[in-house]
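Engineer: The structure under discussion is supplied below as structure tokens; questions concerning it will follow.
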Amino acid sequence: MSRPNTRNKNKRQRPDAVDSSSQILRKIHEANDVTDDDINQLFMIWKPVCQGCRVNTRDNPNCFCGLVPPLNGSRKSGLWQKTSEIIQSLGPDPTLDRRDSESTPAGLTNLGATCYANSILQCLYMNTAFREGVFSVEVHVLKQNPVLDQIARLFAQLHASQKSFVDSDAFVKTLELDNGVQQDTHEFLTLLLSLLERCLLHSGVKAKTIVQDLFSGSVSHVTTCSKCGRDSEASSKMEDFYALELNVKGLKSLDASLNDYLSLEQLNGDNQYFCGSCNARVDATRCIKLRTLPPVITFQLKRCIFLPKTTAKKKITSSFSFPQVLDMGSRLAESSQNKLTYDLSAVLIHKGSAVNSGHYVAHIKDEKTGLWWEFDDEHVSELGKRPCNEASSSTPQSESNGTASSGNITDGIQSGSSDCRSAIKSEVFSSSDAYMLMYSLRCDKQENQEGQKENPIDITKGEVKQLKGGYLPKHLSEWINNMNAVFLESCKQYNLRKEKELNALTERRQEVRTILSEAAVQSLEEQYFWISTDWLRLWADTTLPPALDNTPLLCSHGKVHASKVNCMKRISELAWIKLESKFNGGPKLGKGDYCRDCLMDGARMVVSSDSYRDRRTFMKSIANDVLSGKCEDGMYYISRAWLQQWIKRKNLDAPTEADAGPTNAITCNHGELMPEQAPGAKRVVVPENFWSFLFEDALKVMSEDTLDCTCFPVDSSQCCHCTEVLSEVACFEDSLRTLKVKQRQNHEKLATGKGIPLTPQSRYFLLPSPWLVQWRIYINMTGKNSSSAPEPERLDGVINTLKCKKHTRLLERLPELVCRRGSYFQKNPSTDKLTIIPELDWKYFCDEWGGLMENGISAFIEVGNTDQSSSPDVIDLEKDSSPDDNMDVDAQQLILRASPEICEECIGERESCELMQKLSYSEGDVFVCFVRGKEAPKAMLEASDSSFEVDRRTSKRSRRTNYGNLTSLKVSATTTVYQLKMMIWELLGVMKENQELHKGSKVIDQESATLADMNIFPGDRLWVRDTEMHEHRDIADELCEKKPGAQDIEEGFRGTLLTGNISSEAC
């Protein structure tokens, strides 16, 4: 049982509309009248109104499906695209940048690599005392100090701006920071506080010392003599600090790092201390002692270490724990009566494994609410009651005045010393990315009965405005209010434009759906109008459609043409009135506006086409008989090739341009019959009736610039001029064929490319190999294309190019010889620039190609002893056979001499220029093979010594060897060896320090040298071995932490206001 045909089961079976239209037109032609039924059939008016087609049907004027998407659908563009995409065309939405609430902090924009500055600025701003100190700076001081003015404005925006983030561009430009280079947060904090301290010197008492009062502490470096017990004179000197730098390597907690920072260092041996009291070098101890602590203490965790082996910096990513509450009373050198209990207030985090890259974020505690916030540039998110997402534990902290506890942490509980009088239970947080810690001194309660905190800096009511529990000076308040007003106005205007756009969009969509629902004409008797489908699609899919345009539907008489039925739709009178009244245009094409004249002309053409098609079918049968040789009553010549193409063409209703010129191919330039021996001039004889049909069609379609269709009866004579030319060509080809045969006989071995055995004491001549190749192609080409092969140049000119003009000596090196089975041959005749030929062949060449016997470059082979001194034109024999074959030449050598001799001076100059050009490549491929083992195979060493041809294409199979695959690398002459090794590291996984790179037997180890310096050319094959001497590391470390060279010196904040020696007026 055969399978049912289901290939077309889902395709709509369309009636043969063309045949039915032709029948109607034939009927109109016979009746010479057009009826309403004919109009209904020709214009497809009879077709039903569609109800939900997948796409719009072109041949049904009553189909309005697919002009708009379904109710919940959308399109990629136009009126029906998604609402969100239309809103995007309005531009950025400023309401998205609005701050969620007054209690939510604002972020700072990242200008490229300014996350380090953003983190520090947020930490300073979130400190209430410092923020209010900045706000208290007098106006005249701000005008004299641009840095103070910009930080005050920045804090004012963070404090009261309606935007969720603040642009820090003005502050960064004022400091002259490079926003494309990431810097260290600790260095930035120290330099910024120092700069602000200088800028505040001319401020009032309230803010003059705010930096020192909040962030500055003091330490002293104490050296104690172990013999007399006295401290050195320098031990009494105190140094100020903004942050304590603590070691992290090998330490797991803040408590351990503080112990390490304050630990005793023994000075003994070669490191003994010279005691002034003892007047001798003695053993001593040295330590750091904390003298005073600031209200805000900052710990810088030294996560960056220097690796001597790689001369690079590396980040320590081990986990580090720190407590929520820190007791520093026991750490002071002198006991204090005040409690020195600090609460964790900020954690700066550096994300990333490299030192010179990555990203800084800050976790900061809100002093008022106690909630922690994450500040990630523009994005600010609430963290809750804990700063870090990593695990934490509860531990008691010692409050005793003795040494701080440093016991082990077990099950989350830290065991304190037995001297502890009380303990503060505190959470301990841990982080592998924490880079800086800030602790704030816990003060006694300073709240009044109303529960509001007292303002620590006295500011008069006339100078400030209270916002969110904070204070803004009047000038900053007015400035920020104006800025907020502009921002809120932009939000308002955007919302108005958005609302207007959406309302217009909804109204327009509803209009389209309403009119399309009323467009269908329900019966044949109703009045209807024609409308262009293209305009209807445009109207239904654009927000602002153009004026109504029905002109594409009109014929030359200004009526509706029946051929446009696929380009128009039939709509109701109600729909037409709505469209015409709103979009104007036209013309108005109603029920009776069809063109009767065009219909009658179309009917006549259909009848005429039927007659032409029948005649052409009959003529095709005659043409087939002509080509098969069955036609005996031929009277005229036509082109055989043209007739073959004519038969293959479809049976059309009227002649086309292809029917012109049935005799053009057999007509010569003189207008006569071309000889049949000419290319493409084959002809056939056709009957008179067939010729008349073809001639009639040719005249109908022939254009003015086309040649006349020449008639050639069978008794026409061939063109005598063309016949004579063809005869001359035939004679020339015969003589050329004879000449080539003779040259092949004279030079049998050279013509076939066979090797010519060489004998000592015989005379030979040297020919340029390119000339010999061209000659071989010329004499071996036969057949129709033999005369098209270019002739070789005359020998005199070719030989002269081989001699230098200055010394008239040979400009090419002599070819090498090889011994094979007792005979001597030229080693590489296919690649050598010169080819050795016998004397007889040179004599024949001189006679055939215009050479002079005495002008040739002669060569002869001599047998000499190995101890004889060789001249520059001597080529040693290369033994390419077994030892048994060369027993008679062990103590002697073959010497190839040339006359004239080779010119070493000119050849050296030319080779130097060629080498310089070859080493100036901008792009090329070198091939690298990874070799396992101590030595490379011999094949690799030989392959490495030779280079690939630059333009030669090689397959993958040809590059595959028994020692592995070659890896292709794109390089240039200026590529350094360091860059090449980095490419090898990336592709083969061999670390740069472990690469032993070779070209042949030569080691390539100068990383700063270029490939041109090392004579590495495109196509060279290199090999590399892994020494495994150094421990493996990630290539990302090398890319991010490459050694600073002359062009990569770390400049830090050099060139900015942070390091400039400026006066306070210029701050």
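Cβ coordinates come from backbone N, Cα and C, glycine included.
Marked as compositional bias 'Basic residues' by Swiss-Prot: 1-12. Taken from Swiss-Prot, the feature domain 'USP' applies to 106-442. Taken from Swiss-Prot, the feature active site, nucleophile applies to Cys115. Taken from Swiss-Prot, the feature active site, proton acceptor covers His359. As annotated by Swiss-Prot, compositional bias 'Polar residues' applies to 390-418. The domain 'DUSP 1' annotation in Swiss-Prot covers 503-595, and the record cites sequence analysis as its basis. Annotation comment: Swiss-Prot describes 610-711 as domain 'DUSP 2'. Here Swiss-Prot flags 738-861 as domain 'DUSP 3', drawing on sequence analysis. Residues annotated as domain 'Ubiquitin-like' in Swiss-Prot, with sequence analysis given as evidence: 948-1031.
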Engineer: Measuring Cα to Cα, how many Å separate the residue listed as 'active site, proton acceptor' from Cys115 (active site, nucleophile)?
Structural biologist: 7
Engineer: Test of understanding: give the count of other CB atoms lying within 10 angstroms of the CB of Cys115 (active site, nucleophile).
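Structural biologist: So the Cβ neighbour count for Cys115 (active site, nucleophile) comes to 23.
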Engineer: Give the helix, strand or coil assignment DSSP yields for the residue listed as 'active site, nucleophile'.
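Structural biologist: In three-state terms, the residue listed as 'active site, nucleophile' counts as helix.
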Engineer: Using DSSP, how many residues in the domain 'DUSP 2' (610-711) fall into helix, strand and coil?
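Structural biologist: Summed by class, the stretch gives 47 helix, 10 strand, 45 coil.
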Engineer: On the 0 to 100 scale, where does the mean pLDDT of the domain 'DUSP 2' (610-711) fall?
Structural biologist: 80
Engineer: With every protein chain in view, how many other Cβ atoms are within 10 Å of the Cβ of His359 (active site, proton acceptor)?
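Structural biologist: Around the Cβ of His359 (active site, proton acceptor), 17 other Cβ atoms lie within 10 Å.
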